[in-house]
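Features of the protein shown, as given by Swiss-Prot:
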| type | residues | note |
| --- | --- | --- |
| BINDING | 44, 52, 57, 97, 132, 296, 337 | FAD binding site |
């Protein structure tokens, strides 16, 4: 469902609803949009669907999804993606909406940071707590070296081949990448502020086994200085209790996790309270007609940050969005059990 469609300011992709966010609520919204006869496009800053479920706790259990006694966040996302398949909603991943401008007739023109544009009758913001951005290393020299010697993600592991790599962090991503890079790097050292980790038991066990076998090093401490006297990174000073240690390093991979950031949403002219979008409780519409919010980003009295609540909010929001997409057409409600068109679509992908 990942889209390769291109668009420009002069030739935007036209859709009934633009869904901002590909987390569980955004994915269910895409399915629900198809059920009631709305076309949609999905945009998300992360390069894979799933939102914070995938980025923060992919293997943690979830117990409060109706009729699903237990599943991991990864399982839930996989099921929601599968549920969308009958409508094949295009997903524009790895980019975020930078601008949102009103058009004549009540429609909206949205622009992403990659130059893609969308002409939508309604906007449904299901962005969780906002876009996720890497938590950066708080050293002045880190900003100067970012992109060449300091990295917050790995786009091509072979780009680190033959180098001394220091990986900073203690979560699943840090441990998994430190272990994976053994196959291409000259040497790998993992640096974490304490001896314990916030990673799965299996990842921790693999790490300790690799260190014991001499396949990589693990150093407890915090990065205090990046040494690059003639340009390239040469070494990293790690502060420890009672002293410090200097590590040879050509490349630094910082995996301190992700932090939520509303980003450009705050500039869209919609009412925001405590970092969330204020909505009514009839259709979860914001202070600007045609812009809706569902999921954790929605703010209203007695709001519960539950995935199932987000499903409900998105469902109602889309029914109001239908009126913006088809102002002269009355929507006829049909229970899914008696929806022949839906049954045909589902049968086509799940024979």
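Glycine too: its Cβ is placed from the backbone N, Cα and C atoms.
Not measured: the values here are computed from a predicted model.
Sequence-distant neighbours of residue 57 (FAD binding site) (same chain, six or more apart, CB under 8 Å from its CB) are 73, listed in sequence order. Sequence-distant contacts of residue 97 (FAD binding site), defined as residues of its own chain at least six apart whose C-beta falls under 8 angstroms from its C-beta, comprise 18, 20, 43, 110, 111, 112, 264, 265. Looking only at other Cβ atoms within 10 Å, the busiest spot among the binding-site residues 52, 337 turns out to be 52.
Cβ contacts within 10 Å of residue 132 (FAD binding site), excluding its own Cβ and spanning all protein chains shown: 21. In the three-state DSSP assignment, the secondary structure recorded for residue 52 (FAD binding site) is helix. Of the binding-site residues 44, 296, 44 has the largest number of other Cβ atoms within 10 Å of its own Cβ. Largest Cα-Cα distance over the residues recorded as binding FAD, namely 44, 52, 57, 97, 132, 296, 337, equals 38 Å.
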